[in-house]
Amino acid sequence: GIPRAGSLAFEMGIKPFLPDSLNASAMPLLAYTLCYFALAFWLSLKPSKLMDRLGKVLTPCILILIASIFVGSILKPIGAFSAPTSYYSGNPVLKGFLDGYMTMDAIAALNFGIVIAFTLKERGVNSEKGLISNTIKSGVIAGLVLTVIYIVLSYLGASAQGTLGSVENGAQSLTNIVLYLFGSKGIIILSILFSLACLSTSVGLITSCSKYFTTIIPKVSYKTWVIVLCLSSMLFANVGLNKILKFSIPVLNIIYPMAIVLILLPFAHSLFKGYRQVYQLCMLFTSVFSLLSGLEGFGLNFSFLKVIPLASEGLVWVIPSIVGAVLGFVFGLIKDKNSRTECENEGF
């Protein structure tokens, strides 16, 4: 996610302004990622100041830029909604859901939870109740803002297709929309938007991952982890966006289902009495089948997966995860019953 953000920021924020003679060279990307991750390193070095640096500066700038594009589309209507492309004409909700893997929002949410908790503690919120309450509030606000942003982007994309034509991806569509609304100067707005959005994402991921790795390996300092992540991300970012995306799709097909299940399970925590076995087996079954499905993206073939319901829809992990949850609940009931029996036999 971090290398992709750095490479995407270059592709959308810098490359459009480069002369053709430099587009084929690797030096511009190297120079940009060096500066980009140096800035990300500086911002990540003091996580206690993230709220001031990201929440009060970068995020408002991003929202203002998105709002300006939306207002521009209202003042200068692009066109009426047109029929969806052939790809989305059948099962659009399912295809949109699967394409949502590329946003990495669910994975980022799990990581950013660490940043939120740390920031709250820095602000004096130390009780478990306070942390949970404020984290929920932060999540609801972030979810609502993201919903509004995606509605705006969906509106822009749907209204632009008939007038500006179909494109390969959302980035190209947004570029065409900005060019239509603001002319060549609009590319500057888009460049700043992508650069700020990618930078804030990178800083959040670097901070949360560094904090997490510090808890696993306390002997390695937070600063060291930040350096390692920034340097490694800079190197991978120079592979190029196309190669990163080609590699990341199968990887996301492996990781994303596990993130979804991990997010959904707590909502049913009281329903299955909080049995640990439910978490363990549900995650185990999900990880095994999402791994096999993801490996198919690297050229391997597991023909037996095709007999599993929903496999043809790209959701081969759903039924196994449900089976794992049910088995976990049964094992939890058995263990709970055995524990009560032992207590009764011992006179408790």
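Any Cβ shown, glycine's included, is placed from N, Cα and C.
For 26-45, 57-81, 101-120, 140-157, 177-199, 220-241, 247-266, 278-295, 315-334, the entry in TrEMBL reads transmembrane segment.
Pairs of Cβ atoms less than 8 Å apart link the transmembrane segment (57-81) most often to 177-199, out of 101-120, 177-199, 247-266, 278-295. Same-chain residues lying 6 or more positions outside the transmembrane segment (26-45) and placing a CB less than 8 Å from one of its CB atoms are 6-7, 9-10, 14-15, 18, 53-54, 199, 202-203, 206-207, 210, 223, 226-227, 230-231, 233-234, 237-238, 240.
Counting Cβ pairs closer than 8 Å to the transmembrane segment (247-266), the top stretch among 101-120, 177-199, 220-241, 315-334 is 101-120. Residues 94, 98, 257, 261, 265, 272-273, 275-286, 288-290, 292-293, 305, 308-309 of the same chain sit 6 or more residues outside the transmembrane segment (315-334) yet have a Cβ under 8 Å from a Cβ within it.
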